[in-house]
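**Q** I have a structure I would like to understand better, so I am pasting it below and will then ask my questions one at a time.
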């Protein structure tokens with residue numbers, strides 16, 4: 001047989017396996033989806049309902065409840081998959097998808113904002129709100145990720161950060177407008193539940209029309225695989241093709257968000273499944289992605305219905321994350337090419353020059369500020385304590401405010417201790433992965449700790465309270481251990497560690513979503529705890545966080561000289577006699593334990609571990625011991641200040657401290673991304 005004949009036969013086999021095999025699996029899942037639910041319906045009854053519908057309970061259930069759910073799953077899965085294929089072609093980035101570019105988070109935020117500000121208009125045109133939010137988020141993440149010059153890790157990190165920022169604002173809306181947004185939490189986790197055909201009727205013209213347009217333009221998208229000069233010489237309008245592709249991807253993603261909420265990983269997994277078969281042309285990739293996207297989301301929904309434990313379905317989005325995150329891990333470890341140069345390592349520079357101010361003067365200034373803020377925090381809250389009563393209470397005197405002060409002292413101490421732990425954790429984790437935009441939240445430790453603590457609250461509520469920090473540490477340790485184990489053969493490559501952290505974080509977040517819904521915690525104190533709260537902290541939490549600090553801070557101080565060398569590339573550090581992998585592991589371990597202790601005491605507070613080390617680095621440059629001291633003080637100041645503002649400005653209503661930190665830190669962090677983008681250093 002000739003080479004041409006062999007190639008043609010091979011291509012026919014690949015097309016047959018992707019489309020024929022996929023179609024067979026899809027048909028099986030289609031009927032399983034119609035059969036399985038709260039009440040099982042036999043297959044022959046489902047077939048009768050589809051071919052000869054009668055006015056019976058089973059037939060009506062098939063047509064009015066399960067068919068809309070299954071069909072919207074097909075449409076949404078296909079739309080997300082085509083969007084992912086387009087984004088990967090446009091950005092030339094294998095990690096591009098609607099969730100990694102922040103499109104889903106942007107659409108969700110603007111829809112929730114619309115529910116608060118314009119509920120009538122949102123009811124009439126939810127797609128409009130979702131499209132605006134998704135487009136703005138995509139543009140922001142794309143340019144913060146370096147545009148076409150950005151690396152896969154940079155784009156993934158930018159998308160994650162944009163999602164974190166928008167998630168913070170969405171959380172604020174959920175808490176402050178719980179009545180207006182109470183029906184959006186389950187939807188926000190990604191749910192295919194449909195009570196009628198309205199959602200499907202609304203979505204299908206958009207999905208089908210946009211998918212057809214994308215298919216008709218498939219030849220233009222093929223040209224994007226070439227370099228820009230070659231494409232231009234062939235007469236292609238590359239910029240116009242990119243713009244059209246981005247608009248199509250955003251519209252396909254946001255129409256699904258407007259109906260079923262944000263669901264991730266479909267757009268990441270499905271196109272890669274098709275491309276792994278050897279099909280590269282978009283005339284095959286786009287329809288193949290649609291088929292496998294529909295198959296993946298339908299399969300995830302079937303699994304979600306199979307494993308649910310109560311009358312409420314588990315969110316399909318959480319189940320899809322549990323399916324997709326392992327795929328992302330496989331993609332990172334076996335299919336991604338590491339950046340060239342120094343094994344994918346990043347610079348600790350973020351584009352802002354260090355001023356290198358006098359260290360002693362900074363310690364004095366920061367320390368005095370922390371003392372004054374502590375006094376201010378003890379004085380103010382729902383009720384103001386006069387200075388005289390404060391001093392009397394602190395030194396053992398009795399007055400009318402003594403009892404009140406006994407609540408504020410431990411609360412303030414817990415906030416300060418957790419701020420110290422988070423800030424030092426950020427210093428160490430950033431050193432370990434050699435990236436100034438990393439912390440416990442980025443690498444999945446916070447979500448693991450949050451899942452562990454929440455499991456105690458919901459699954460084993462009868463356990464003693466001291467099990468909460470133990471569970472948080474266990475969750476953080478398991479998350480870190482998974483990352484270390486998987487990246488060990490890659491020599492703990494910083495790029496690999498961060499990307500694996502994103503995948504592990506997605507698994508932890510999915511677990512948290514499942515626990516919240518199973519425990520009916522949305523809008524309650526458990527949900528507020530997840531946003532980071534210092535409310536009602538007592539001397540037990542003071543002892544817990546103090547124990548972590550007394551054990552781990554001296555270890556970090558003792559190892560600081562070794563950690564200083566991690567700022568160099570691996571070859572230089574090893575030339576100086578440093579066992580790089582072991583030292584990186586030690587830095588990560590101490591940082592993980594500190595973050596776990598903080599989560600156990602105040603919940604999942606983000607951004608402190610990102611912002612405090614960066615501010616210190618701009619003031620004094622790179623010096624681990626000095627960074628530990630100044631970051632500790634600054635982290636304590638940040639969380640104590642957030643706690644004070646949160647219990648004062650809307651008293652007696654309290655704003656969670658973690659939410660305030662996020663609202664303040666999010667704009668600053670976007671600024672850091674902008675500076676990092678200009679310097680091209682990450």
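Each Cβ is built from the backbone N, Cα and C atoms, and glycine gets one as well.
Feature list, courtesy of TrEMBL:
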TRANSMEM  12-34  transmembrane segment
TRANSMEM  70-89  transmembrane segment
TRANSMEM  127-145  transmembrane segment
TRANSMEM  157-179  transmembrane segment
TRANSMEM  239-264  transmembrane segment
TRANSMEM  284-304  transmembrane segment
TRANSMEM  362-381  transmembrane segment
TRANSMEM  413-434  transmembrane segment
TRANSMEM  494-517  transmembrane segment
TRANSMEM  538-560  transmembrane segment
TRANSMEM  585-616  transmembrane segment
TRANSMEM  628-649  transmembrane segment
**Q** Quick test of the contact rule: Cβ under 8 Å, at least six residues beyond the ends. What residues does that give for the transmembrane segment (12-34)?
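**A** Answer is 41, 43, 46, 62, 66-67, 69-70, 73-74, 273-274, 277-279, 284, 287-288, 291-292, 294-295, 298-299, 301-302, 305.
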**Q** Would you kindly check 127-145, 239-264, 413-434, 494-517, 538-560 and say which stretch has the most C-beta pairs under 8 angstroms to the transmembrane segment (628-649)?
**A** 413-434
**Q** Would you kindly list the residues that approach the transmembrane segment (538-560) from elsewhere in its chain, counting only those six or more residues past its ends and only Cβ-Cβ distances under 8 Å?
**A** 410, 413-414, 417-418, 420-421, 424, 428, 465-466, 469, 583, 586-587, 590, 593-594, 597-598, 600-602, 624-625, 628, 632
**Q** For the transmembrane segment (362-381), give me same-chain residues lying six or more residues beyond its boundaries with a C-beta closer than 8 angstroms to one of its C-beta atoms, as numbers and ranges.
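**A** Answer is 387, 390, 394, 405, 408-409, 412, 415-416, 619-620, 629-630, 633-634, 636-637, 640-641, 643-644, 647-648, 651.
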**Q** Same chain, outside the transmembrane segment (127-145) by at least 6, Cβ under 8 Å from its Cβ: which residues?
**A** 91, 98, 101-111, 113-114, 121, 154-159, 161-163, 166, 202, 206, 246-247, 249-251, 253-255, 257-258, 670, 673-674, 677
**Q** Tally Cβ pairs under 8 Å between the transmembrane segment (413-434) and each listed stretch (70-89, 239-264, 284-304, 494-517, 585-616), then give the stretch with the top tally.
**A** 585-616
**Q** How about long-range neighbours of the transmembrane segment (585-616): same chain, 6 or more residues beyond its ends, C-beta under 8 Å?
**A** 164, 168, 350, 352, 414-415, 417-419, 421-433, 436-442, 445-447, 449-450, 453, 468-469, 471-473, 475-477, 479-480, 484, 492, 497, 529-534, 537, 541, 544-545, 547-549, 552, 555-556, 559, 562-563, 566, 626-627, 630-631, 634-635, 638-639, 656-658, 661-662, 664-666, 668-669, 672
